[in-house]
Amino acid sequence: MTTSHMNGHVTEESDSEVKNVDLASPEEHQKHREMAVDCPGDLGTRMMPIRRSAQLERIRQQQEDMRRRREEEGKKQELDLNSSMRLKKLAQIPPKTGIDNPMFDTEEGIVLESPHYAVKILEIEDLFSSLKHIQHTLIDSQSQEDISLLLQLVQNKGFQNAFKIHNAITVHMNKASPPFPLISNAQDLAQEVQTVLKPVHHKEGQELTALLNTPHIQALLLAHDKVAEQEMQLEPITDERVYESIGQYGGETVKIVRIEKARDIPLGATVRNEMDSVIISRIVKGGAAEKSGLLHEGDEVLEINGIEIRGKDVNEVFDLLADMHGTLTFVLIPSQQIKPPPAKETVIHVKAHFDYDPSDDPYVPCRELGLSFQKGDILHVISQEDPNWWQAYREGDEDNQPLAGLVPGKSFQQQREAMKQTIEEDKEPEKSGKLWCAKKNKKKRKKVLYNANKNDDYDNEEILTYEEMSLYHQPANRKRPIILIGPQNCGQNELRQRLMNKEKDRFASAVPHTTRSRRDQEVAGRDYHFVSRQAFEADIAAGKFIEHGEFEKNLYGTSIDSVRQVINSGKICLLSLRTQSLKTLRNSDLKPYIIFIAPPSQERLRALLAKEGKNPKPEELREIIEKTREMEQNNGHYFDTAIVNSDLDKAYQELLRLINKLDTEPQWVPSTWLR
């Protein structure tokens with residue numbers, strides 16, 4: 001898979017300084033691109049080659065001239081060495097002639113071993129005997145003292161265990177490599193043999209034909225071909241070839257990395273071009289590179305499986321690695337950047353408060369590694385090493401998504417949204433009010449670039465990005481209040497009343513407060529809490545009411561304490577509130593479960609209201625739909641779920657199912673509720 005990176009970056013000069021978002025043109029971002037190599041899915045989009053400027057061409061020409069000068073100096077030095085007197089005398093010595101031994105035949109089972117593998121394994125007893133012999137040989141006191149210390153060390157149990165581990169690893173490392181397959185079409189070969197044997201009537205030929213037709217042999221040949229096909233796709237790279245290739249990079253620190261990569265596990269690394277070099281830009285969580293811990297950001301790739309990489313375009317690197325699996329041998333120049341060892345990162349779970357599509361984002365480092373999500377999705381963030389681009393999985397996709405995806409970091413998203421809002425305010429004239437938008441008197445304010453460290457109120461009120469979440473399972477004796485939200489005539493009041501009527505022992509409503517006088521048949525504490533206007537206004541000032549209003553010069557309201565009384569009784573508190581009350585409710589300790597009751601299509605809504613004997617005008621229906629959009633846009637981050645009320649009976653059953661699920665399954669709630 002090919003991914004391209006248009007590196008719109010955020011500069012952070014210090015904690016106290018203003019952070020700026022680079023909103024450069026897409027053409028400018030074409031110069032800074034990454035490509036993710038060997039990633040899952042048919043997502044490859046080729047990257048247009050980057051045109052080098054005249055300055056870059058001059059630098060490249062200078063590098064080529066320096067290389068040629070080094071080659072000429074090396075040849076001159078070699079000529080000087082070849083002309084030395086000592087080499088001339090050595091050249092006059094006749095070469096030694098070997099003797100042919102006709103009695104030696106390697107085909108009779110004797111295998112010549114390379115001196116590289118002829119390693120003698122020393123046992124602990126041999127080491128002890130050697131030290132004893134040395135102790136008797138050396139007579140001075142200092143040597144005797146040193147030998148005594150060594151003997152004590154050899155007799156130590158920990159040393160003996162370490163010695164055994166060393167020997168075991170040595171034996172394993174010097175084992176011969178497994179045999180390399182000669183063919184990958186054993187099945188075809190067996191079929192060809194059977195064709196040849198058809199006209200043959202010898203007993204041995206018939207036995208061989210019957211043997212090749214047995215299910216076990218056919219299964220064996222099939223397995224052989226599958227394994228051989230995988231092994232033969234990559235030519236084995238021997239140590240001699242690797243070390244021979246390193247010689248051309250003399251003077252540079254080079255490391256060799258071998259990674260075992262299965263066919264179904266992507267490599268999980270992005271690369272970029274820096275002049276002729278191919279540099280590892282990013283290591284993605286979940287890939288073979290991250291699991292091995294051997295590739296690092298900033299490493300320059302010189303070779304992969306003996307193929308030279310320096311000078312190649314990232315598209316060529318993508319094509320090269322597209323189908324590679326098995327043992328990958330990298331020759332690298334390690335990054336010069338000294339990074340502290342990565343701390344063990346804690347996974348955080350966040351709820352997204354905005355929609356994101358990486359294909360529409362010109363600043364995503366790796367477009368095809370970008371993770372799309374919708375408002376309300378839960379993301380599991382596993383890496384914040386790059387503060388601008390987090391690595392995350394979407395809830396429910398962990399098993400189907402081998403690599404983590406890239407999502408905008410919270411600070412980065414807040415910064416560019418603030419910049420967009422500033423630009424839009426400068427460009428757009430004040431519009432006339434619409435059905436869903438009341439006019440506001442804009443206060444004059446000093447325009448400053450957004451600073452995440454100083455504008456907490458600005459974040460919370462205007463720029464919604466992510467909210468950290470935790471799983472919460474409600475206790476059996478402390479039920480979460482159920483809040484129904486929706487525009488008028490969408491059925492939330494009918495659904496609430498049906499629940500109250502059908503299951504009176506399970507659901508209850510909070511007793512409201514009022515300043516009006518008690519009427520006959522009304523019971524204080526059951527129908528209303530009757531209080532004075534002065535006490536009511538004092539409670540408003542103290543923030544004790546979830547919502548309140550005035551009707552016929554009397555104040556009415558629902559208090560947090562009234563809801564808490566229902567919860568303490570063991571029942572489920574049912575409330576139907578306005579959206580303006582949600583912030584106060586969420587900031588309380590009540591842990592509400594908020595369900596948005598949305599209307600169906602305009603035609604279906606007209607039919608539902610007609611059943612109730614209502615005949616709304618077309619503009620009234622449009623106003624309900626627009627009000628729904630406004631509520632979702634401005635308050636959707638408060639909603640836990642939504643129900644489209646296209647049929648009241650079905651909506652009731654769905655509402656009951658969601659409420660019952662709170663007893664059996666943990667739910668995601670803001671982490672601040674559990675602290």
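One is the number of the first residue shown, and numbering goes on along the chain from there.
Cβ atoms are placed via backbone N, Cα and C, with glycine included.
According to Swiss-Prot:
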{"type": "REGION", "residues": "1-34", "note": "region 'Disordered'"}
{"type": "MOD_RES", "residues": "SER14", "note": "phosphoserine"}
{"type": "REGION", "residues": "21-140", "note": "region 'Interaction with PARD6B'"}
{"type": "MOD_RES", "residues": "SER25", "note": "phosphoserine"}
{"type": "REGION", "residues": "51-78", "note": "region 'Disordered'"}
{"type": "MOD_RES", "residues": "SER83", "note": "phosphoserine"}
{"type": "MOD_RES", "residues": "SER84", "note": "phosphoserine"}
{"type": "DOMAIN", "residues": "120-177", "note": "domain 'L27 1'"}
{"type": "DOMAIN", "residues": "179-235", "note": "domain 'L27 2'"}
{"type": "DOMAIN", "residues": "256-336", "note": "domain 'PDZ'"}
{"type": "DOMAIN", "residues": "345-417", "note": "domain 'SH3'"}
{"type": "DOMAIN", "residues": "479-660", "note": "domain 'Guanylate kinase-like'"}
{"type": "BINDING", "residues": "GLY486, PRO487, GLN488, ASN489, CYS490, GLY491, GLN492, ASN493", "note": "ATP binding site"}
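Structure with Swiss-Prot features highlighted.
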residue	record	contacts (Cβ under 8 Å, 6+ apart)
GLY486	ATP binding site	GLN492, PHE596, ILE597, ALA598, PRO599, THR628, MET631, ASN645
PRO487	ATP binding site	PRO599, ILE624, LYS627, THR628, MET631
GLN488	ATP binding site	ILE624, LYS627
ASN489	ATP binding site	PRO599, LEU605, LEU609, LYS614, PRO616, ILE624
CYS490	ATP binding site	ILE597, ALA598, PRO599, ILE624, THR628, ASN645
GLY491	ATP binding site	ILE597, LEU608, ASN645, LEU648, ALA651
ASN493	ATP binding site	LEU484, SER576
Within 8 Å of the Cβ centroid of GLY486, PRO487, GLN488, ASN489, CYS490, GLY491, GLN492, ASN493, the other same-chain residues by Cβ around the recorded ATP site are ILE597, PRO599, ASN645
On average, residues of the domain 'L27 1' (120-177) score a pLDDT of 83
Cβ atoms other than its own within 10 Å of the Cβ of GLN492 (ATP binding site), all chains, total 24
Using DSSP three-state counts, the residues of the domain 'PDZ' (256-336) come to 13 helix, 34 strand, 34 coil
For the domain 'L27 2' (179-235), the DSSP residue counts stand at 40 helix, 0 strand, 17 coil
